[in-house]
Amino acid sequence: MANVIVPATQVNTNGKAIPLLGFGTAEFPFGSNDNVKEHILHAIQLGYRRFDSASIYLSEQPLGEAVADALELGLINSREELFITTKLWCGDAHGDRVVPALQRSLKNLGLQFVDLYLVHLPVSLKAGECEFPVKKEDLLPFDYESVWKAMEECQKLGLAKSIGVTNFSCKKLEKLLSIAEIPPAVNQVEMNPLWQQQKLRKFCKQKGVHITAFSPLGAKGTFWGTNRVMECEVLQEIAKAKGKTHAQVCLRWVYEQGVSVLVKSFNKERMKENLDIFDWSLSLEELNKISQIPQKKGFVGLEIVSPNGPYKSPEELWDEEI
């Protein structure tokens, strides 16, 4: 039996409630781990119900297989108990390629629909390109109108219950909201005690866009990640005083900001620890200490910045929010 019930929140009227803690499936380099299915099955066993995938992660197929196995083993009674997210890669971020890309993802997942479909980055690539790191000469401007219209079509067709974006700044969200018939339900962004995203959180709250935090522990072990979050002395001291792990303090902090959070660990002990953040809280004094930590963005996005591309600098990509 699942031993932890993860709280959830409603993000739009037609989708199901979104669990406030989810499990990430990206392993770097993408597709390098042969045991993703087993790790996901174990996560379902522990009580994780929300899973975050993307076409570029090459984790859709193992996730789909894990869902099928979980049903067969009786770990869940129906697919409805799970909240599944996948993402549109930049090479398919062209109006005519969005619906076929999601249909391909659904085939990989073995599912009729996803609960959430996200635009992965506010940039496009030459049609059909699906490698990462990207070739800089393939970078193209993101066509908000045609891509978002096609994302809306995915929702209207019932292929995605909700749609949203990833890595969008206030300014880019504003532009999207001005043309959207169906506004994005979610903006999935980097957020942790060393990158607290106060401006973006305030903006999204005003606009009714739910924030999901990725890299809550600083994404050590990824190509952009750093140890800064896990080496932060303020957080270490709080963890020690509370008898919690450093990671638990980070995750609890993110959760207490009223957003949802994605964790990614394939280590069995840590998978269990990461779920244990709901029956205790941080004191006002601790929250105050965390609010004073100097801020620095981890994922600067140099991979999609280029003198000849749509974003000439990280400042252009994030609209100064770095």
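Using N, Cα and C of the backbone, Cβ positions are placed for all residues, glycine too.
Feature annotation from TrEMBL assigns active site, proton donor to Y57. As annotated by TrEMBL, substrate binding site applies to H120. Marked as domain 'NADP-dependent oxidoreductase' by TrEMBL: 21-293. Per TrEMBL, site 'Lowers pKa of active site Tyr' is recorded for K87.
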**Fill in**
Quick note, H120 (substrate binding site): same-chain residues at least 6 apart with CB under 8 Å of its CB -> A54, I56, K87, L88, W89, C90, A93, T166, N167
**Fill in**
Other C-beta atoms within 10 angstroms of the C-beta of Y57 (active site, proton donor) total 23
**Asked** Taking the Cβ of K87 (site 'Lowers pKa of active site Tyr') as the centre, how many other Cβ atoms fall within a 10 Å radius?
**Response** 27
